[in-house]
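J.: What TrEMBL shows for this protein is this:
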- Ser216, Glu217, Glu275, Glu344, Ser407, Glu468: Ca(2+) binding site (BINDING)
- 18-31: compositional bias 'Basic and acidic residues' (COMPBIAS)
- 1-41: region 'Disordered' (REGION)
Amino acid sequence: LPHSEKTSPSPYQITNDTRIRRTRDTSDLGDKSIYSNSGPHSGNGLYLRPFRIPPQSDDGLLPTVTSAARTSYRSKFSPWPPQRVISPTLRRRRHLKALAVVSFLAAILLIHDVDNVRGRNRLHTTASIFGGSARPGYFSRSSSIISSSKWHWAAVSDLDRLSRMPNSESDPTFYSILQSGTLSRNEDGKYEMDFAKETRTLTGKHNEGGRGMELSELVTFQNRLLTFDDRTGAIFELLSSHSDSGGEEHATTVAIPRLVVTEGDGDTMKGMKVEWATAKDGNLVIGSDGKEHILPDGSIYRNHLWVVILGPSGDFRREDWTKKYQFVSDALLGPSGPGYITHEAVGWSEFLQKWVFFPRRVSLGRYDAIADERRGSNIALLVNENFTSSTEVKVKFKSSDQLRGFSSVSFVPGTRDQHVLAVRSVEQGCAKSGTGGCLQRSYGTVFDLLSGDVLMDDKLFPLNYKFEGIEFVKIDAPVSQK
């Protein structure tokens, strides 16, 4: 303000650099304080530095303070470092930066959540797919139950070299017979087995060396009815359908190839010789005959000692079961000797928490193809999960015919795995005659696994075929599939 106005004196002076300065007398200090924007860091805002207001001089004006005196004053009487007052422009700029950072982090979290949802959806989708199938299965053991004492069952045949259909030389086609029926338990605890009059024929063209559709096992897994070709290593899913023709209803079943499994550790072109399969802990354990084979050059072939662990979606891994098969062999034959055992019926009992082995052949001597046909077994071996202990049970069959050996088993529903439905099959004259004089036949039987008591004597299948897979299942498609 101009001094000529003679108003009350102002404690401020306007300097040339537009900064507001407060002049003061260095001779004495009052108790009041003001702030100045002058300082070493002034530029983007006002830096507040407290200092005390000196008393006025006699003429009412504050004497001008020199720069040196001002610096000395600040070094003496400033108790804390400069404090910065943020300008509005800089404040807005920082708010925008903070908003950008928050938006970026929110976007990352959103993308992460979307990926998690997609991952869960992928897992859910994969769980409903098996071997490339785009639909869920519809077969189950529970569907086999007619009543508490009656069940549906089905069985598949392994015709070996006889599986090639006649007159299919130019376009080879192979087949297997699907037999169905019912099993009933009487009031006295005995069982009766009935066979459906009509059978179904499963056909396919997959083959290895001119052989195929030699189906050796039948199991339900993940609500799917699976069967296995012991020649090619193919895993088929059976699908049933109904059709009306001329007012008559016809039911058909087809075998759809889902997977192909090679033998041993997998590094081979040879299909796995699948002989048995059983569900355990949500997986399907698939095994071969568990026997070492001596090749013509004297070397030992051990690929049949491996098993495959098949997961719910069709993924699988392999395990070397050499020690486990050896444990079974030692339990039945002793730790030494030239004998051998072949397996075609192995099951895991969820109720008993034991592996159950039903050997097809048991021999105390060396392998001989012709003599091997008469090495049928009537033994069941119960083994704990860790393969450290076992219990042998001899099934008390009336017939002592050693041509008959276990080829497949299935636990009777509702018996806590104590009653077993088994197929005992026969190959007679097949080793030396090939297809010409090879005679096949199969028998159904039921027995108590823990006591060995027979609850149904051997009953001959109507067709003279070798059946190697049996399961409690109703092979007709449900109503929703018709």
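Placed from the backbone N, Cα and C atoms, the Cβ positions cover glycine too.
Could you tell me the structural context for the features on the list?
T.: Within 10 Å of the Cβ of Glu468 (Ca(2+) binding site) there are 31 other Cβ atoms, across all protein chains.
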J.: Cβ within 8 Å of the Ca(2+) site centroid (Ser216, Glu217, Glu275, Glu344, Ser407, Glu468 excluded): which residues?
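T.: After dropping the recorded site residues, what remains is Asp158, Asp230, Val274, Trp276, Ala345, Arg360, Ser408, Gly469.
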J.: Please give me the CB contact count at 10 A for Glu217 (Ca(2+) binding site), counting all chains in the structure.
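T.: Result for Glu217 (Ca(2+) binding site): 28 other Cβ atoms within 10 Å.
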